Amino acid sequence: MTKYVESEIVISGISGRFPKSDNLNEFWLNLIEGKDMISDEHDRFLELGLKMPSRMGIVNSLDKFDADFFAIHSKQAITLEPRIRKLLEVSHEAIMDAGLSPVSIHGSNTGVFVATCDSEAAAISHRSFTKHNAYAVLGSSTSMLANRISFFYDLHGPSFVLDTACSSSGVAIHQAMQAIQTEVCDAAIVAGARLHHDAIAGYMFYALDMTSTDGKCKVFDAAADGYARAEAVVAVYICKKEVAKRAYATIVHVGINNDGYKDEGVTYPSNIMQEKVIRKVYKDIGLDPLEVDYFEAHGTGTKVGDPEEMSAITRVFCEGRKGALPIGSVKSNMGHSEPVCSLCSIAKLILSHIARTIPANLHYHTPNPGIPALFDGRVKVVDTNQPFDARYVAINSLGFGGTNVHLLMKFDNKQNNESQWRPSTPVIIAGSGRTEEAVRYFLENALQHKQDQHFVKLLHELSAEAIPRHPYRGYVVANVNNFETIVEKMEPKDALWFIFSGMGSQWPGMTKDLIKFEEFKKSITTSAKYLSSVGFDLKKLLKSGDKSMFEDLKNAMVAITATQIATPTISPLIKWDYGETWYTPHNRQEFNKHKGARFDIDLSNPGDSFYEGHCIEGKIIFPATGYLLLVWKFFSSQIHLEVDQCPVVFQNVRFERLTFLNSETHSTFIVNILQGSGKFEILESDVVVCTGEIRQLLGGVKKEVSTAAFSSEISQSEPRLTKDDFYKELHLRGYNYSGLFQGIQESGIEGNWGKVDWTGDWVSFLDCILQLHILQNENRTLFVPTRIKKIIIDPSEVKTNLQEQNNIITVNVSRYHETAGFPGFELRGLNFANFSSKSQLCDPITTEHVFVSYCSSESTTISKEIALQSIVEIVVENSEGAKFEFTEILSNLHNSVTAQVKDSCTFSFSTCELTTVNVSNARTDDLEFVKNGSKIISLQELAFNPSNHFVYTDCESHFMEFEALLISGGFLLFKCADTLLDLFRGYEIISKNRFLEKGFEQTFVLLRKISINTGRSTVISTDDNDFKWVESAKKIIRNSQVQQVVFASQNPSSGINGFVKCLVKELRNVKIQCFHAIDPIELNFDKPSIYLQQQIRGFV
């Protein structure tokens, strides 16, 4: 049979982190000053365009943790969930607050009971691509919220985590009390933690109508529409009253039950079951509920929750009560901390008891009509700060799964009525800590309570044992009117201090002040007892003011020896060493540049075979609307919706490249969406094929669309095209659509309207809308989409209209407004570009070729424009890869060369990434390079990663610093004198061009970072007139062992330059170079001349 101990359980220590409050003192100031602790100024997560309140209650410094104090290695500390870090801190502070040195509880039978809910940090980490070490499983395990505390303090009592949603911390107190009363443990740490990292969780609570739109807990008010989510981490130390060194309050009793089944659903509260658990608490202890002086309600501000709870409270506490029952809810001040809310209520009431004032509820203006007791005077909301002398206080805590908790506390109102303590001797207060600042902060604050005898005694109790890993110690000696603080850094060690008065230093009445100290008085009494057996009166000697008594050596020696006493110097910790910053989960870590959602398109797959119907000029091309659907799918999955449930807006969509499909291989698309901004990119074979922006449509389509889309229907009296006529016309233009991509049932002959059949597929349905624009192209050339300014789609509205129109929708197309639309849909700004895989006759293009020497002579100068054009062409033609990266570092923004780089890269690279580093303070809004797509950053934002093909700088004093940006084989361009070139080791000079600028001669110097040769080149001569070299070249290039090929020619009209440029684009895995010798030289690459060696250095 379980043994049950009848003993009062008290709260002896408490600590916490609350919104905008780093400790209990700051929490109390926010409460008593009526400050709303909810704010939208936080960076806890990116909202991802989700519909939810932006205001939350946020605790500070989640990324700070004193890992050294808790003896946690950095490899483990970086993986610890922020909840564990903060729980370690507040549990330590609660133990100290109870007057216990942490060392004194090591090995004790103390339990740890932690309340929490699901881990939002773990959800982020699991979805992200952040790499952690093997300790991550320990750092994110929910069990570790309790077990880490037990491990650090070597606690042997029960240690576990509870989750009953919003009633979790109330249940934790119930479990801890039972464990102490049944002697399962002797004392307990009860704690709770709730932190918000995941926008998706906030969205789901809002979707369930649990949270308020404006982010306010309007508890008991007529405008109540839900609660504001809040963070909190709180810990209390509870124990039997007889062993407590201090008692804030007695936990009289706690009752729990569950609603069980309800017709309304699992989350609907039951006032009947709430009343039942409340009545049981008072029946168990034999207390009349009318004895309760104040009720701290669960009170979240939900439409259903408040009336249901108040119905139960009114029936139990108001029948027969004289006067109104005062009620309140701390959630109106700080928000709803969900599993931690019971501990937050306890903290509020303990602080109110100490201050003898109960703080006002916020956001209460008009009584909730669903709570009759607010109108007839049976209950009264505390809406102003009021005196507080309650003895019995009740707390409700209700979980949305139906677990109800009722807790009764009792305060001893006599303990604060004593007059101020006025000690007759100076007060000594000692302290230790992690930093000098921590010790000084504690001592300065402790002095404010030096006339509180209980407080000072508690500090002396804490000084019994040294705290490990506290390198700083200090003390303050305070008289009535002055004090002196001493803080030193030293190694902690046990010490015994003696007062050696020395011979001749004695004085009459030397102990009249020391005798006031209890320890000294006991020592003197003991000494006097032993000395009286030999006929010596010690007390008479010490109290005597007669100097002649000390002339006797015996008297002097005895008096001096008796005054030797011990003095402890240890005190509690208040502040932490926050020198280190640690990893904190954030949903911006979910996706990165190289990983995203993967979609495979395989024509052999029945689900993808319909793409074969999107055929242009005999080639199967992946539809532009297919890209949109891939992004739409990924975006909706991030907010846990299906595509048909997710209205969206696409903006600034660009189709960068066509993707050809075939039945022999599959195509893989990678979709990345930048959280927050909604910018996306789609890659195929590591090449960007589509970019744009996506966001969730909020508030309906009509708030977003133009008036043109829903203007009166366009007249359909003009000649019409049947389905057969429509697709015959498109076939003549080169569009060989079939299957689902023949969805136009009929249209106007001008393409200004069309009836589109819905077959259940968004890709073909949207593509048919684009087909109407093709018909408006009068010259009948072949076009493909290149850009869409905006698309608005509300699937539910579209589906509603489809049902009304038998799955056929009439689309209105306005050439003038550049729109196409129907109810639930609008497309704006569709642009096309000519496309054809067939060669067509066209007007010849003439260009002028100017020879520019790599190194101009001293007497030769050219224009700056020609010099730059020549240099950029050299760089581009000798750079490899699908993506070209260029960075310019400018002290004068007008020296930018982004325009030349972009023009030269357009036809050579699929992607060109341009970056301009602005080292000046000049504005960048209207400059031309902004239009060229260059990303503008400051020098501080520049990451020195070797990823650039080309770097240019006009910063002559720092240009050597920027060579770290280059890849091997990359180019560096700057203006400088020849004398500085010796500074560049590992570079070869490519060109030096003199030019005139504003009348002054300048020199452009182009250097190339020498790359290490890994193999010998194969040389192919193209001067064979019968072109036999072509077949041999094919065999050489097909050889996988060949890495470098040189095509050489001495024929001025051989056309080798154009030939090699084409090969470079097609063969990315082979390094190809052209050596075109116009001057008569011997091209012997096996035994090259000195001149030839200089020309081919670094390659052959």
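Glycine is no exception: its Cβ is also placed from the backbone N, Cα and C atoms.
For reference, TrEMBL has these:
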type	residues	note
ACT_SITE	H614	active site, proton acceptor
ACT_SITE	D767	active site, proton donor
DOMAIN	6-411	domain 'Ketosynthase family 3 (KS3)'
DOMAIN	581-841	domain 'PKS/mFAS DH'
REGION	581-701	region 'N-terminal hotdog fold'
REGION	718-841	region 'C-terminal hotdog fold'
Take the Cβ of the residue listed as 'active site, proton donor' and count every other Cβ within 10 Å, whichever protein chain it belongs to. 23
Could you count the residues of the region 'N-terminal hotdog fold' (581-701) that DSSP puts in helix, in strand and in coil? 27 helix, 46 strand, 48 coil
Could you break down the residues of the region 'C-terminal hotdog fold' (718-841) into DSSP helix, strand and coil, giving a count for each? 38 helix, 46 strand, 40 coil
Across the whole of the domain 'Ketosynthase family 3 (KS3)' (6-411), what does the mean pLDDT come to? Round it, please. 91
